[in-house]
Amino acid sequence: MMPGHARNPHSVQVRNTHELYYLKTQKAQPKMERSEKRSKERLRVCVATCNRADYSKLAPIMFGIKSHPEIFDLEVVVLGSHLIDDYGNTFRMIEQDEFDIGSKLHTIVRGEDEAAMVESVGLALVKLPDVLQRLAPDVLLVHGDRFDALALATAAALMNIRILHLEGGEVSGTIDDSIRHAISKLAHYHAVCTRSAERHLISMCEDHSHILLAGCPSYDKLLSAHQRDDYTDIIKSWLGDAVKEQDYIVALQHPVTTNIKNSIKIYELMLDALISFNKKTLVLFPNIDAGSKEMVRVMRRKGIEQHPNFRAVKHVPFDQFIQLVAHAGCMIGNSSCGVREAGAFGTPVINLGTRQTGRETGENVLHVRDADTHNKIYHALELQFGKRYPCSKIYGDGNAVQRILKFMQTIDLSEPLQKKFCFPPVKECISQDIDHILETQSALAVDLGGTNLRVAIVSMKGKVVKKYIQLNPKTFEERIELILTMSKQAMADAVHLNCRILGVGVSTGGRVNPQDGIVLHSTKLINEWSSVDIRTPLSSALHLPVWVDNDGNCAALAERKFGHGKGMENFVTIITGTGIGGGIIQHNDLIHGSTFCAAELGHIVVSLEGPECMCGSHGCIEAYSSGLALQREAKRLHDEDLLLVEGMTVKNKEQVNAIHLIEAARLGNSKAESVLHTAGTALGLGIVNILHMINPSLVILSGVLAPHYENPVRQVISQRALLSAQETKVMVSELEDPALLGAASMVLDYTTRRTY
């Protein structure tokens, strides 16, 4: 949490800066119109502040309320660590800001352990009813996720007092998450900082009409106040005359109450790394949560308070803390200030441990969630110190207070206190982790072909780091056993190759249900591979998520992520190999169809009386243009002594295949040329049908036969397609392993929060 508002003998004196700032913004804002509901009676608002951190968020709102006495009647209640000597008696800052404190409640039971936190909540619940009954507010303003705030919300809810909760819906770590969400469930109205927080509250069943996307109140000041002319004086007053801008570190680490032992270990490692890093550092004492006493002992055991590179303080006035963070070379710890307020300045931040896991952050934040070594934290300092990042406005645009005041005026006191509920989805956040920098994010890709079984480690950029190839066994049990053996070998090798395996992607022939990871019907090339659950045995044995899809779909996914389809919204990929397959990307999504047989492009019929296809039908593209079809025609010509021409030989017992047919055509064999022309025309006609049906902007030909079909396909399109479709681009894929890359892309797109 952010340090707050107490005087320090070394501080630079600034009187009523919250109020001066608020009055300044008022000049640029139109005068607030009085609500018709408030014309006869003012809204009685009680603001309860528990500690140095929440006052920095509540103070701008308090000044706004105070500046409209014709609309609001303000009451202030102070409790928690505000009233403790060891934490600076920060209630004095509230008095210096010229607020009348209606009640001071000593609610903290000392001990700084789990039991003391519980007893403090109980003590607050004993004392609060008399105060709330005497003040009889219409609305109680509660901030954040502290245990004191939970006591406030519980008391107000049980006394039928409307609660406006600030900064609910956010996601972090430790017990704070549970407390924050519990307060949100007790609250009747919500003022949130971000769009994601708003969605989280909606997904937690809160009434959308009672949620205000306001931004963070402290940002109203941060976005304009951090460029004070005297910031160098503030830096010198806390860190010494020799310290320069962006050449010092601000450290603020709090205990994680759900894992105190690990918190102390991380704190010790952080101090060791800071000592080694050898930069001037301002260390702030941790908050009052369970475990803080042990952390202070660690700091004193290491002599931090006497170390020439360190200045250890219990609190810093908020206005000066802004300047110290804004001009620091780096901020380190697990304070929400690092992941929230520091982004307004572009200050580089290192977030240690799990306390802020899930928080929305700007690109200035580097997470070291598994902060288990001194070297890892030291390396993070090397990466971050001295950088500057673009200023982030994730948490506010400077107009939060005005929005909150207007929102409070809309509160209908005649409305029933009973809450309404709904059930929408929640959206995840994106964050950065140092382990993802130090290791290469990779996928395990499996290609189950008709002849070979291939497994590969594929990096995020589409590089095949290592590949494994074995002949594909005939039975289900043998195949699964071989896949597991090869996958385990690849996973073992990945450790030495510095690759982090995020999951497994499987590409296979036939009709696949990707939702359940089941091969519904295999091709004839893969016997005994129907109605087979591939996902479950692989996921259970490898302890990784597993994705499965048809090889044609995988080829399309590979093109979308790594090939010609990158950045294209609508395109079709056609595989020309042993069979003919493909995948369709429409509006950036892969099309599967209602029964998972979309994009079976090889079975588009182009002739009513054509040759028999392996599917049992006649005249399919695959019956004309696949490798097997060309092999069939090559064998027929060879049996009739019509294949070989001068310059060609076929060795004894060598099986005639499509390559011989292509070679014969190249050497001028008219019969072979005719076969290839028919095959190219059939494929071209099928593609014309696709163009007329879904109108893609690009057709990608993939597979070993693609270069031989490119020109015939273009020619058929120019002759047979509608004028509006004749300009469709036809390109040959440049990807060497589309099946493996597509299988990998299923893993990489999903696990890195992209859509699949």
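Please read every residue number as a count from 1 along the shown chain.
Including glycine, each Cβ sits where the backbone N, Cα and C put it.
Just so it is clear, the model here is predicted, and its values are computed rather than measured.
Database features (TrEMBL):
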- 71-408: domain 'UDP-N-acetylglucosamine 2-epimerase' (DOMAIN)
- Asp551: active site (ACT_SITE)
- His603, Cys613, Cys615, Cys620: Zn(2+) binding site (BINDING)
Report summary line: For Cys613 (Zn(2+) binding site), the same-chain residues 6+ apart in sequence with C-beta under 8 angstroms from its C-beta are His603, Gly619, Cys620, Glu622, Ala623
Requested in this report: Work out how many Å separate Cys615 (Zn(2+) binding site) and Asp551 (active site) at their Cα atoms, rounded off.
Outcome: 17
Requested in this report: List the other residues in this chain whose Cβ sits within 8 Å of the Cβ centroid of the Zn(2+) site residues His603, Cys613, Cys615, Cys620, in sequence order.
Outcome: Gly602, Val605, Met614, Gly616, Ser617, Ile621, Glu622, Ala623
Report summary line: Excluding its own, the Cβ atoms lying within 10 Å of the Cβ of the residue listed as 'active site' add up to 26
Report task. Return the residue, from the listed binding-site residues Cys615, Cys620, with the maximum count of other C-beta atoms within 10 angstroms of its C-beta. Result -> Cys620
